[in-house]
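Here's the structure we're looking at; comments come further down.
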Amino acid sequence: MSSKTASTNNIAQARRTVQQLRMEASIERIKVSKASADLMSYCEEHAGSDPLLTGIPTSENPFKDKKTCIIL
Amino acid sequence: WDSFTTNKEHAVTMPCTWVMACAYAPSGCAIACGGLDNKCSVYPLTFDKNENMAAKKKSVAMHTNYLSACSFTNSDMQILTASGDGTCALWDVESGQLLQSFHGHGADVLCLDLAPSETGNTFVSGGCDKKAMVWDMRSGQCVQAFETHESDINSVRYYPSGDAFASGSDDATCRLYDLRADREVAIYSKESIIFGASSVDFSLSGRLLFAGYNDYTINVWDVLKGSRVSILFGHENRVSTLRVSPDGTAFCSGSWDHTLRVWA
């Protein structure tokens, strides 16, 4: 009896997996060449406003050292 | 913490020994945190010294295993949580009610990240079953799944445009997955890197990927070229978490050496 319910559970689970996979297989995909071109153009566009990429002038940098290091 | 003066502003003690997740509310008025206590608690922030923050604590989420990650959605009113019980869940903060649960991972869910757009209602989660899954928050359905990592996925982060996401894993690689092409498009790895990546984040433009590793270093990868730009030393124990600041001028890394370091 228990083996029968176990196999029914497995079947139900397998059916769900198949359904999920069918759903995933049917989504619309674009070509990687187009996707990567889009990623590249996004990077180019925003590169100017990225402080970690293009750097900011030291006068504006809130993290720059305020006092010189004195060695005692 | 105040990151410019390095002063500790508030400390909140939690009843459990490990706090594994914390998040700021979008308004900056509350924080959510949780860990081995299986719950996510929200604390309203107050700068009044006479108020005891712990007294106003509200328990929002209840899982059957540890809480590994939490994040507010676009508003202060909803929280998304990921747990060691293999599920993610969306909760209403006011009532503490479960709005939606997401089942599908075969093992502990270690991380999650929300899609960046204001109207976005998808999020990605990564787990110990080596899968990264993208979910629709309204229906609770898994929309896409990616299973190319060879070990637990420790961290996932959306690319700034929202069309891709990166993941860091115990298999010592970081990978970039494109959502519209529905596949992995880049791997960031080197033979000399053998320790897992615990945390990843993108710079503002998405050109740089910062990844903290268990070998105490942070590697900076060029997202488009797939090559390493630089390696940052400084921590004395494994780097467990890493985040770029919202204005993109610096990023902060937290480590098992009890320090948080801000890199600019």
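Here the Cβ of each residue, glycine as well, is placed from N, Cα and C on the backbone.
According to TrEMBL, the features are:
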type	residues	note
REPEAT	B:60-101	repeat 'WD'
REPEAT	B:102-145	repeat 'WD'
REPEAT	B:146-187	repeat 'WD'
REPEAT	B:199-231	repeat 'WD'
REPEAT	B:232-264	repeat 'WD'
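With a threshold of 8 Å between CB atoms, the same-chain residues lying at least 6 positions outside the repeat 'WD' (B:60-101) that come near it are 18, 20-27, 29-30, 32-42, 107-114, 118, 120, 123, 125, 127, 135, 137-138, 140. With a cut-off of 8 Å between Cβ atoms, the residues of this chain six or more beyond the repeat 'WD' (B:199-231) that come close are 154-157, 159-161, 166-168, 172, 174, 176, 186-188, 190, 193, 237-244, 247-248, 251, 253, 255, 257, 263. Same-chain residues lying 6+ beyond the ends of the repeat 'WD' (B:146-187) with a Cβ under 8 Å from its Cβ atoms: 110-117, 120, 124-128, 130-134, 193-202, 204-206, 209, 211-213, 221, 223, 226. If one looks beyond the repeat 'WD' (B:232-264) by at least 6 residues along the same chain, the residues whose Cβ comes under 8 Å of a Cβ in the stretch are 1, 3, 195, 198-205, 210-220.
With helix defined as DSSP H, G or I and strand as E or B, the repeat 'WD' (B:102-145) counts 0 helix, 22 strand, 22 coil.
Secondary structure by DSSP for the repeat 'WD' (B:232-264): 0 helix, 16 strand, 17 coil.
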